[in-house]
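Peer 1: TrEMBL lists these features:
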DOMAIN    8-225  domain 'Cytidylate kinase'
BINDING   Gly12, Pro13, Ser14, Gly15, Thr16, Gly17, Lys18, Ser19, Ser20  ATP binding site
Amino acid sequence: MAVTPVIVAIDGPSGTGKSSTSKAVAARLGLGYLDTGAQYRAMTWWMLANGVDVADAAAVAAACAKPSIVSGTDPLAPTITVDGTDVAGPIRGREVTSAVSAVSAVPEVRARITELQRSLASETAAAAGGIVVEGRDIGTTVLPAADVKIFLTASPEARAARRSAELSGADAAGLAATREALLKRDAADSGRTASPLAKAADATEVDTTELTLEQVIECVVTLVEAARRPVR
Ligand SMILES: Nc1ncnc2c1ncn2[C@@H]1O[C@H](COP(=O)(O)OP(=O)(O)OP(=O)(O)O)[C@@H](O)[C@H]1O
Ligand SMILES: Nc1ccn([C@H]2C[C@H](O)[C@@H](COP(=O)(O)O)O2)c(=O)n1
């Protein structure tokens with residue numbers, strides 16, 4: 001049976017499982033996948049690489065049209081380039097992570113990246129039969145007409161434990177420091193004026209604290225399958 005393209009928005013604070021869940025759901029259902037956090041990280045990487053003071057919102061706004069940010073939407077091999085350079089590794093570093101909330105709070109940055117997100121979502125959804133888009137403001141602002149909206153949460157302790165488990169060597173930080181860093185970024189992302197991190201009124205909230213990743217994936221797959229409509 002043919003079905004219409006399905007648009008899935010997955011939002012939530014840092015470390016709640018958005019990326020892991022979104023990639024797995026998209027792969028399982030044969031949909032495209034877009035990591036919008038990677039786009040803000042790529043913009044931040046470019047600002048740092050080009051000597052723009054990320055604390056100077058006017059300087060960030062003046063420069064933000066310059067980089068060409070391209071996201072690949074295959075959930076099995078997502079990619080991100082800036083001006084043709086693969087930045088998938090560097091955008092996960094500490095320097096970018098510390099600066100990304102400031103850059104993503106600048107309205108001109110959000111306007112530019114939101115436009116990219118909307119056009120990529122509609123192109124990919126048409127080509128792949130749908131897309132899972134994850135971020136902070138997808139259900140509220142980027143794709144308010146999404147067919148399925150999920151807001152993932154988890155306790156700060158669970159999120160810090162998950163993050164600490166994946167860091168090693170020089171990046172390893174104590175659990176308490178990781179927890180503080182997560183909460184600081186959440187506060188900045190929720191407190192900004194332009195399109196803050198927020199749950200859409202019509203989103204389904206899933207608290208993942210006590211759930212395995214597989215249980216979260218199953219829950220989201222079930223919600224997406226229920227929302228898919230046959231073509232008339
Ligand atoms: N339900 C879960 N149970 C245990 N571990 C999980 C669960 N969900 C995700 N994880 C693990 O937690 C870590 C963070 O997950 P992920 O990167 O998907 O979160 P995120 O919400 O996308 O974070 P960020 O917004 O910071 O990018 C990963 O190592 C992932 O494997
Ligand atoms: N839709 C989005 C997605 C991300 N951001 C900002 C805020 C986050 O702290 C940062 C990095 O995201 P992550 O890779 O941790 O998911 O990007 C945003 O403002 N809006």
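Quick reminder: no glycine exception, Cβ is built from N, Cα and C everywhere.
Predicted automatically and left uncurated, TrEMBL annotations should be read as such.
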Peer 1: Are there any residues in the same chain, six or more apart in sequence, whose C-beta is under 8 angstroms from the C-beta of Thr16 (ATP binding site), and if so which?
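Peer 2: Spatial neighbours, sequence-distant, of Thr16 (ATP binding site): Leu152, Thr153, Ala154, Arg159, Thr208.
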Peer 1: I'd like to know which of the binding-site residues listed (Ser14, Thr16, Ser20) lie near ligand 2, counting only a CB under 6 Å away.
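Peer 2: Cβ under 6 Å from ligand 2: Ser14.
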Peer 1: Within 10 angstroms of the C-beta of Lys18 (ATP binding site), what count of other C-beta atoms is obtained when all protein chains are considered?
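Peer 2: Cβ-Cβ neighbours of Lys18 (ATP binding site) within 10 Å number 26.
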Peer 1: In the structure shown, which of the binding-site residues Ser14, Ser20 has the fewest Cβ neighbours within 10 Å?
Peer 2: Ser20
Peer 1: To test your reading of the ATP site: which residues beyond Gly12, Pro13, Ser14, Gly15, Thr16, Gly17, Lys18, Ser19, Ser20, same chain only, put their Cβ within 8 Å of the Cβ centroid of those residues?
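Peer 2: Sorted by sequence, the hits are Thr21, Leu152, Ala154, Arg159.
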